[in-house]
Amino acid sequence: MTEGSGMDEVVISGISCRLPGCDNILEFKEKLFAGVDLVATENQRFDTELYGIPRFGQLNDVSRFDASFFDIRPSQADKMDPALRMLLENGCPYALVLMPVNTSTDARCSMESLKGSPTGVFVGSRPSDAHTAWTKQADKISGFEMTGCHSTMLSNEISHTAVRSIRSNQCDSAIVAAAKIILNPLESLQYLKLGMLSPNGRCSSFDKEADGYCISEGVVAILLQRRAHAKRNYATVLGTKVMNNGQPDKAIFSPSKECLVHLIRAVYKEVNVNVSEVAYVEAHGTGTQAGDKAEIDAICDVLCEGRSGQLMVGSVKSNIGHTEEVSGLVGILKVVLAMDENVLPGNIHFANLNKKIEGLVNGRVQVVKENTPWKGGLVGINSFGFGGTNAHVILHKERSVSKKVTGVSSNMLHRKLLLVTNGRTENGVRESLALLNNFNYEQFCSATLFKRKSNYRGMAIGPNVDSIEVNPVNSKKKDVWLIFTGMGCQWSGMGKQLVGIDVVFESLKTSDEILKKEGFSLIETLTDENTAIDTPTKSFVCILAIQIALHSLIRDLGIEVSGYIGHSVGELACAYADGCLTHEQALLTAFFRGQCLENTCMPKGAMAAIGLSVEEALSICPDGVTVACHNASDSVTVAGKESIIQTFVCDMKSKNIFAKEVDCSGIAFHSYLISGIIPEPKHVSGKWITTSVPCNERPELLPCSPMFLVNNLLNPVLFHEAVTTIPDDALVVEVAPHALLQTLLKRSLKDKNHVFGFMKKNCLRNDEKHSQNNWKNYAQNVFLAPLVKWDHRECFQVPTAKEFLGGSAANVFEHNLDFSIHGDHAVLKDHVIDGHCIFPAAGIIYLAWKAYATFIGRSIWDTAVVLKNVSFERTVFLSDEQSLERISTTLMTGQNKFEMNNDGGLIAFGEIHLVDKPTSIWDSKEKAKFELTKEDIYQELKLMGYDYGPDFRGIVKSDINVQQVMLEWKGDWIPFLDLLFQMKIFQDNSRALKIPRMMSFLEISPQDTSLKIKQSDIVPAQVNVVAKTIQARGVVLGNTQYATINRRKEAQFPTLMSYSFRPYIDTQTERDTDHLKDVLHDMLSIACENTPIKLRVFTCCANKTSEYLRDSMVYQLRHSASFEQEMPNRVSSINSSGKESTFEGAQAQTDLYDIIVKETTEETLLPNIDDLLPNLKTNGFLLFLIAPIISQTDNRSVADILNSKCGVSRSAKCKIVALRKCTVYSFVCLLRKSCLKIKTEEKIIEIPATGFQWVYELQNVLKTRDELEADRIWLYSEDVSSGIVGLVNSLRQEPSGDQIRCVFLASKTQNPSAEKFIKDRKDLDLVFNIHYAGKWGTFSGSLLEGLPKIEAIPKHLEIDDIGDLTSLSWKQQCSSTGDETQFAETAFVALNFRDVMLATGKLPVDTIPKSAQTRNNLLGMEFSGIDCNGQNIMGVTGKQGIATRVEISEDWWWVVPDQWSLEEAATVPVAYATAYYAFVLRGNMTHGEHVLIHSGSGALGQAAIAVALSYDCTIYTTVGSEEKAGYLLEKFQKLKRQNIFSSRNKDFEQKIMAATGGHGVDKVLNSLTDDLKEASLRVLAPDGCFLEVGKSDLISNKPLGQSMFLKNASFLGIHLDVLHEKGGLVCQQLQKLVQKGIEQGVVRPLDRHVFPATQVEEAFRLMTSGKHRGKILLKMKDDIGILDKIPFQARVNFDSMKSYIVTGGLGGMGLELADWLSIRGARHLVLTSRSGVRTGYQKRKLQQMEVRGTNVVIAANDVSKLAEAEDLIVKLTVPLGGVFHLALVRAKNLDRVTRRGSICVDHFVVFSTLISKIGYEGLSNYAFANSAMERIIEYRRRDNHAEQ
């Protein structure tokens, strides 16, 4: 539209809305200017937290709709999109206008008036969410979804109030509307995922904190009209324009500045408007960083061009959020309100401007922060959409100017306003009238809200309404009868207040002008309260004038009148209303009639009302009294002379008969006293029922003749007879200045009619404060839409969130969670197990719970659920990277089952149900004694491998047995639920690393809402040992099974080092070339400990040698005093080159090298020395690899020969430091460039064996020594147990520590002399000069690669990493646990599928008997061998079955028949024992039964066939191939080929049923799964028995069809290992059955495949493939009984018959060591501690040891005192087996007492640290003590006092 004038101008003439928190425009206006944030945080349509989305702006109840008004059936309304319902109701208010009484001045605009007019309907819409939700399930579709939700219906439906469709370019009016209702939470979630929504749910338009927008709902409709047709003008539309930038891919999330500039510039150019006239811009302003900047930049470029002042901008989105398709209309609405109030509303959520927006920073544009006066001008409105579509609108309106009401002259009194309206409900009408009263208006108000279907009508007199009258509207049209009252209704001032009603005033003004010609002032008479109306003329004229005026009001209201009745002179008003007399005729008739009566000489008369019937009155009236009016059945009016009437009235009163004189101005009307006034005759209509002619005498055409008027005056008034002709249910309205006849009318009409008066005497207020001068100022426009009050008693359907989230007919619902440990789920980073961050089982539970709550549309806090039979299939490892991880939850809603997947793999499944009645909390009723602290608990868990972070450390305290616990609630369900699993894990004493595998149930009833509002709380939890449940507040965890997982190898195997004396010169020890690496390592160690920390190394060696050197350097870096954090500074450079050339040119000292390594020969040695020395730092080292060096005929020492060779180099100050022999002809030589000459005498400090005086001497020396490089401090010790080595290592880390040197005599030496030894060693200036066994050297460390393999017995097989068959290895077997235990030396051991499943991880460890669950007991259960009596036996064992020696279990072994070999015997025990146990003991097999045996060619299958044949059973079996079928037929002659089927398909089902005549089989021995298992169940006969030997389905807890039990069948699990653990009578019976089978020849050896014990991996892999027949055996010894030499790792075990002392045994490490000793067999422990047991953790650890059978004694002896050390040994009750020294005191006393007498310990172990090897600043004393203990161990080993 462009600017125009007259007919071309387009204005906004109507507007309506519903917005968040506002039901109409007035509510929105109030809250807008009050700066209210209309985005609700409470009572949202769906739980935003549940879906992880921010809050949104929400309309009030959208389920209410006035369907009957629009003639819409309830069934259709129920399936209408709520947005469409809102549009219908908001499109109708344009039929509402303020209507003046005088319709000629302003025609009404109604819905009826729009019919047939050129009116267009334009609706902005989107695809219907409601349609999506309601059409997901075909069986629930009604058909109305299409008509109620389709986008084409939006405009069609609104055409009920406008027209059917838009007519192109022919519209005079147009309804423009849009609606948005947020029903689908997933739509908001999409916005959030795209980063468009503000996380805090608000639009911070133009603020620096702007982070997205908040979506909101809204409905807005406006009416556009040509100015000529409009009755109101809210604003003029000067121009609009819409553009698209043509690049939607670049404008999805932010507008294009260039496009906006082009759009805005174009629209102002098109309408020829100067942009400087724009005073305000209502911006799009969503609050996104990119969008706000682009918009303001564009506004500045166009609208600020040439502008002198600031341009004001704002955005309504800061108040209500982004209503999207409605947002443009909302912007217009805000501007209309601003124009109406002359105030610009302030932006909220705007605190600090966005400094990235230049226009805001430089002040060209100013955001309206608070309500600001609007001084007029143009307003621009922006609205942008997805895809680059942008719009701009220009509005204009002259500022409103207040004006006073110009009323009647000052001598006229107050004008009142009649407020009339109708509506759908009574309350609605009352509210509309109250709103009308508050409007600013000038004229009488009638709001005809509904021309049709009004249920109620109401009226009130304004302003300042005191009372409102509302009555229901009868659906049937009622007759309206007007009763015009006669004499007696007049009163002084009766017209005073009526002049305030325009229609009435106009009529009275006309009457006044007519009567002024006769000299009568009507208005003055009517309005003057002091003027008595006491003459016939005044009475006739005033009453008639009022009645004519009121009739004009009735006619103006459009009321159709059915009939008229006049009482007495009221018949003149009937004549006027009936059209018989004109306005002027009627008034003049009344006037002259009165004049005639006044001027006629007649006696003064009177009239009186008497309460008698006509008959009664006639019988008692005296002469001179006549009945003038028959008012009612019991009321008449009599007339006569005044004196006679007065006497008659007194007489009647004396008889208690009602009597009252009537004011008749002294005229006895309708009596013999009146005659002479006859106007011209006219005919009356049928509507007028005259009261002066009896009805039965009325002619067909009754003229209004002079005679008729005479009769009216003379004859009695037959009012009662006339009133009785009014039809029933009519509205009877008395039209008079005072409703005088109400009582008579109601008595005559009884309850058949509705009677009311139009006016009563003095009924209107009459006070001066409402004078016209105090009236409200008149405003041009008022908002009409709020007047509409719909009938909202009925509710209709609104789609719930659940309807968008479910599947279709498949009843499948999917819920996805994308998360990262760096985002909202950062708490998960604290769930660390074995060094890996993994998704917790509690997280899986939470996601299933949340998905279910989401599906049913609730918050998790309102959803109590129970999860059942949950299986955790796979662990999800969480990456530390920023990438998102997705876990998908699928709900099978029909079955209440769920599955979870990650990366396409199943991770969990189970069931989930709603909880009707939460489980009551079990109370142990025992007072808790909390002895374990949080630190105790998580110290233990960390040792087990659970390295939880703070958020998952929620067990606050616990009792010793972990049965009563206090848990910490931290506001997050996942960590809280995880605590229940932690409790169970902590209860386990096995120290195995476990994770949940199977959960029977978990009930969550979050009824305690205190957890919801509290961020932290302490929650009690307890364990019901009997029920195997864990209960906390609102949570009950049922029995849970756990799977043991492998620990990381680096966690299992510590770094092993060898630290020993290495001589500097060793030319005697012959080493092969494989030890070159060790020699190079020693040489570099010497160089490193004598060189400053930062090294520069140059190598010129072969590749292998360079590799050795680099490995050694890495070791030196890791074990230097600088530790790992300083490793990068340890080596400046390590260069390598294969060239033989020398260095080129001279180099600065900083460029020289600390170490140069070179391969050389005898001939090139001296030249190389001369070449390399100039490139070496002072005190630097040359390392040469020399070969060959000497001829074999030279008998001199190698050192002498080398010294002679190096004679020339002596002048170069180069000396040999170390020399090692590698082979007969190869040496490695380390030379050092001579140091600077010592300038002073050396300071020597001797360190004696006792006393510490030397410490103070050393301290003083270090403080006073000058910092001269040549100075040396020599520490000297002759004590072989001295800690001098550790001391020196630490002192060298102190300031001036590089001056320290050491001479240590580590072995007994004759005539030692400190001066002599120092003199011999000072030239080399080496730090360590250790003399041991006649040689000088140093201590050097090196890494050990794993534990040594040894050849010994006994041994057993373990798997180090479950799932990795390559980790199968032989380990040393534990020693005997008691004298009564019997063992057998194995010859052969058999593998079973149980072993393979355990080794591959397919069978969880916790599913086997507890005694076998430890890793060393895991594998094997079947063997053959020789017992202690020398007899050949075979049997089943419960643990360590694959071993060179096995424990013999009672009732589980048999003597091998003489005719069998041990190899054959090893195939028998498990297979036949299982077959007899299944068929005979559990299945109660009888002769002649039908039996199905699966996998018949396997070991168990063959054994089962043999047993079944011995019972003469008919056997059906399955095999995997035809070859196996032939094998069985050959082995078992009684088998029939037609009874052998394939195990690969289900064909066996039909064939067996056919073979058995449909009966089925009596026994099924099953090992199959899935559909093959189901087929096997179906072939089971009534009363049959299903014997399950497989484990996979049982482990997975797969459901079993229960219909089988209708056949009285039974399902039995067959597990021989469980029976073995249990023992008892059944075991004895089984032993006898197998023995009997051996004797009867039923039990026979099976086929086998034999592997030597060295090929265990191959044996396991063959069994895994399933390609074998019979058994797989491992051969443990050869035919002559010699054990194979199988290498294995040594395993330390402890003698149960000896005691072991642990000093410091109650400390953290001491308890761990004691626990390890207990696990490894120690049964007698003595733990020293001077403080005793003080903590719950100590008590629990001791309790765990006692459970294993270990007796623990706590001793308070102080072993630093010799006497107490001796006492400790003396008090031992069993022989001493070992000492483990952990106490922070010297071990010298323990060493001494354990060397005495017959004491011979197996173990003497002290615990030291790396500090003694590498040193550390400030820890010299600690290093000294540790080093001293190491010396003790060295000498014990040398003296053979302990192996370790």
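Here the Cβ of each residue, glycine as well, is placed from N, Cα and C on the backbone.
Listed in TrEMBL for this protein:
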{"type": "DOMAIN", "residues": "7-397", "note": "domain 'Ketosynthase family 3 (KS3)'"}
{"type": "DOMAIN", "residues": "792-1070", "note": "domain 'PKS/mFAS DH'"}
{"type": "REGION", "residues": "792-919", "note": "region 'N-terminal hotdog fold'"}
{"type": "ACT_SITE", "residues": "H831", "note": "active site, proton acceptor"}
{"type": "REGION", "residues": "929-1070", "note": "region 'C-terminal hotdog fold'"}
{"type": "ACT_SITE", "residues": "D978", "note": "active site, proton donor"}
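With respect to their backbone Cα atoms, D978 (active site, proton donor) and H831 (active site, proton acceptor) stand 9 Å from each other.
Of all Cβ atoms in the shown protein chains, 24 besides its own fall within 10 Å of the Cβ of D978 (active site, proton donor). Averaged across the region 'N-terminal hotdog fold' (792-919), pLDDT in this predicted model comes to 83. Mapped onto DSSP classes, the region 'C-terminal hotdog fold' (929-1070) shows 37 helix, 54 strand, 51 coil.
Look at the region 'N-terminal hotdog fold' (792-919): DSSP puts its residues at 29 helix, 47 strand, 52 coil. Listed in sequence order, C837, I838, F839, P840, G843, Y948, G949, F952, P975, D978 are the same-chain residues at least 6 apart in sequence whose CB falls under 8 Å from the CB of H831 (active site, proton acceptor).
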